[in-house]
């Protein structure tokens with residue numbers, strides 16, 4: 001294994017990309033005065049980019065959301081005197097610590113693994129800003145929103161130094177309350193919910209007020225995120241609370257329709273109440289009971305819940321109407337938008353997290369049908385058996401062996417959760433007159449060899465390594481992958497600067513139009529159109545049928 005790694009490193013070195021590791025030496029201790037007080041960070045050298053980056057970790061953008069502030073809107077942070085140390089990673093928000101660490105280790109773009117603590121006091125952000133010896137214009141700002149199903153994840157899993165160094169941008173990674181602390185709702189005034197989304201708005205407000213001190217341009221902010229982070233970006237594009245706080249948006253493998261949203265949060269609240277021993281006769285009493293739980297008790301309640309146990313909800317504040325209604329009524333923050341998916345979204349990491357039956361060698365049809373029935377509920381709540389039949393016949397019915405059954409099942413889950421949802425949102429934004437660029441990421445990382453089964457192509461989250469320049473920080477990549485990473489970083493940063501990803505030396509990325517043109521991103525890139533056209537038509541018709549059935553039932557009542 002070590003020999004293979006050395007070979008890969010030498011391949012990259014011979015391509016003229018030197019010393020892949022940001023040194024981490026704290027030779028320089030940069031200080032910045034923010035609106036709340038002074039902070040002292042440290043400097044790293046990204047040798048491959050021949051540039052240093054100033055790093056500031058754990059900057060508070062809100063008061064700790066503890067005690068009476070649990071299930072409350074975030075409040076501005078308290079100012080401090082003296083110089084605050086900003087050289088240590090903040091704790092990640094309350095979550096299943098084992099799952100959170102597993103996800104962090106799986107997706108980090110660093111060479112080393114960062115051991116993360118958990119705490120309810122977690123509303124912090126990290127800033128990476130390139131060093132310059134001369135006064136320059138203000139730099140575009142990237143704000144990364146991590147994924148993790150709204151129940152796990154951490155800002156510190158993502159090192160923004162390579163992106164900042166190579167492309168002369170400021171990178172901010174933010175945290176937000178997760179799980180019960182982040183999205184618990186009683187569906188009324190006692191706990192409206194969406195606390196995590198309100199935290200994201202608070203972080204963006206802090207950035208508007210303070211990023212100028214880090215050479216960032218508050219008038220050029222691009223929000224981007226993956227999975228639940230992509231859903232969050234999509235939600236912020238729809239929320240009136242976020243209007244004017246950002247200027248471009250990128251959703252990677254996640255949009256705010258069909259997943260991680262409910263119009264009936266009371267059902268979630270009842271399950272949480274039962275797990276917490278807080279089954280009360282009123283919403284007010286339930287909220288008070290949960291507020292009295294210690295942090296350790298909240299962690300134990302979280303561990304009793306299934307993997308994807310909570311969603312954002314219709315609160316009348318962050319979401320005045322459902323995401324689908326806001327989209328259809330074109331009530332959208334008008335910004336250029338990149339939306340994309342990977343070509344094997346439900347290939348490996350998500351089925352494992354959701355404790356799928358062993359599927360590596362294939363599946364029997366009866367097992368696949370049972371799994372399909374349970375997972376369809378993620379996309380279509382209360383899907384009747386005839387809907388299950390239609391999806392089964394479309395994806396699995398014609399399969400001739402266990403491997404084809406497995407592949408059909410995985411696609412039947414990925415397509416509605418990720419692909420069709422992304423296409424739907426892209427169409428709405430296009431029709432509202434906003435510039436949209438769509439992609440499908442197709443590259444299976446070389447680091448997957450011997451770890452991820454060969455049938456998995458570009459799995460959920462695989463693109464993150466290339467967006468954040470992992471080949472230049474962690475190595476373990478081929479020369480072609482280093483080139484791909486630079487290509488993706490250039491597309492993203494061109495978009496942040498100009499609202500258009502295209503630039504010199506890049507394959508032309510067409511705007512998403514009525515021909516639904518998009519970019520296939522692999523070791524080489526090419527334009528294509530109408531991603532999965534037949535399957536998308538299938539899901540469009542099925543969605544219309546389900547909504548028509550619901551309207552008819554509602555009318556009958």
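Every residue gets a Cβ built from N, Cα and C, even glycine.
Residues or ranges marked as signal peptide in Swiss-Prot (evidence: experimental evidence): 1-25. Annotation comment: Swiss-Prot describes 93-122 as disulfide bond. According to Swiss-Prot, the feature active site, acyl-ester intermediate maps to 227, an assignment based on sequence analysis. Under the heading active site, charge relay system, Swiss-Prot lists 345, 460, citing similarity to another entry as support. What Swiss-Prot records for 476 is N-linked glycosylation site.
Positions of Swiss-Prot features highlighted on the structure.
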{"residue": "93", "record": "disulfide bond", "DSSP (3 states)": "coil"}
{"residue": "122", "record": "disulfide bond", "DSSP (3 states)": "coil"}
{"residue": "227", "record": "active site, acyl-ester intermediate", "DSSP (3 states)": "coil"}
{"residue": "345", "record": "active site, charge relay system", "DSSP (3 states)": "coil"}
{"residue": "460", "record": "active site, charge relay system", "DSSP (3 states)": "coil"}
{"residue": "476", "record": "N-linked glycosylation site", "DSSP (3 states)": "coil"}
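With respect to residue 122 (disulfide bond), the closest of these recorded positions in Cα terms is 460, chosen from 345, 460, 476.
Cα of residue 460 (active site, charge relay system) to Cα of residue 345 (active site, charge relay system): a span of 4 Å. Here residue 93 (disulfide bond) is positioned 17 angstrom away from the residue listed as 'active site, acyl-ester intermediate', judged by their C-alpha atoms. Here the CA atom of residue 345 (active site, charge relay system) lies 23 Å from the CA atom of the residue listed as 'N-linked glycosylation site'. Residue 93 (disulfide bond) and residue 345 (active site, charge relay system) are 25 Å apart (CA-CA, integer value). With a 10 A radius on its CB, residue 460 (active site, charge relay system) counts 28 other CB atoms from all the protein chains. Of all the recorded positions listed (227, 476), 476 has the fewest other CB atoms within 10 A of its CB.
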